[in-house]
Amino acid sequence: MTLKQLVTGCYTILRSIWMIGMQAFNKRETQMYPDIPIYQTSRFRGRIVLTCDPDGYERCVACNLCAVACPVDCISLQKTESKEGRWYPEFFRINFSRCIFCGLCEEACPTTAIQLTPDFEMAEFKRQDLVYEKEDLLIRGPGKYPEYNFYRMAGIACNDKLKGHAENETRPINVKDLLP
């Protein structure tokens, strides 16, 4: 080993120690995430939830628009009807391992049942645990739109009257009778 190599080696070691020492007193760039919560904007799109209307019923009418709008096909549901004639999903399933949190399902929902929340901590050890059922997604509250009730805005079906028998309503036309 020559004297030049010895001096160069000592210089590089001292330079490294000096750089580490100078960085020790600088402001930290790393955010201490679990201790200090991360700031999120008001438009942040996180975990998907299903909300209820002000009367306490679930808002989802199983129209399937959210599943059609989803670009990665992570939403699946099946429609059923209650005794009162109200539609609701028999099952509602979201596979969060495929979801890209784009928000298209929230925009497509006519009843504001699907809403994206600021929650983003959904880490799991098994991929099967990222498939959420309706019971996991349903929250007891109206979410972002507390006063909106789809059935009050769209109207309620009358069970005792047929189509066209209510006031100011014309009877439906059978289009097959119009054909030659």
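Each position is counted from 1, following the chain as shown.
Glycine is treated like the rest: Cβ placed from N, Cα and C.
Database features (Swiss-Prot):
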type	residues	note
BINDING	Cys60, Cys63, Cys66, Cys109	[4Fe-4S] cluster 1 binding site
BINDING	Cys70, Cys99, Cys102, Cys105	[4Fe-4S] cluster 2 binding site
DOMAIN	46-80	domain '4Fe-4S ferredoxin-type 1'
DOMAIN	90-119	domain '4Fe-4S ferredoxin-type 2'
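On the structure: features taken from Swiss-Prot.
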residue: Cys60; record: [4Fe-4S] cluster 1 binding site; DSSP class: coil
residue: Cys66; record: [4Fe-4S] cluster 1 binding site; DSSP class: helix
residue: Cys99; record: [4Fe-4S] cluster 2 binding site; DSSP class: coil
residue: Cys105; record: [4Fe-4S] cluster 2 binding site; DSSP class: helix
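Looking at Cys60 ([4Fe-4S] cluster 1 binding site) and Cys99 ([4Fe-4S] cluster 2 binding site), their Cα atoms lie 19 Å from each other.
If you look at the domain '4Fe-4S ferredoxin-type 2' (90-119), the same-chain residues 6 or more away from its ends with a CB under 8 A from one of its CBs are 40, 44-51, 53, 58-63, 65-80, 127, 130-134, 137, 143-145, 148, 150.
Listed binding-site residues: Cys63, Cys70; maximum Cβ neighbour count within 10 Å falls on Cys70. Note on proximity: among Cys63, Cys66, Cys109, the binding-site residues of the record, the Cα nearest Cys99 ([4Fe-4S] cluster 2 binding site) is that of Cys66. Among the listed binding-site residues, namely Cys99, Cys109, the Cβ with the most fellow Cβ atoms inside 10 Å is that of Cys109. Around the Cβ of Cys60 ([4Fe-4S] cluster 1 binding site), the number of neighbouring Cβ atoms within 10 Å comes to 25.
A separation of roughly 4 Å, to the nearest angstrom, links the Cα atoms of Cys105 ([4Fe-4S] cluster 2 binding site) and Cys66 ([4Fe-4S] cluster 1 binding site). Sequence-distant neighbours of Cys102 ([4Fe-4S] cluster 2 binding site) (same chain, 6+ apart, CB under 8 A from its CB) are Arg45, Pro71. Distance between Cα atoms for Cys70 ([4Fe-4S] cluster 2 binding site) and Cys109 ([4Fe-4S] cluster 1 binding site): 11 Å, as a whole number.
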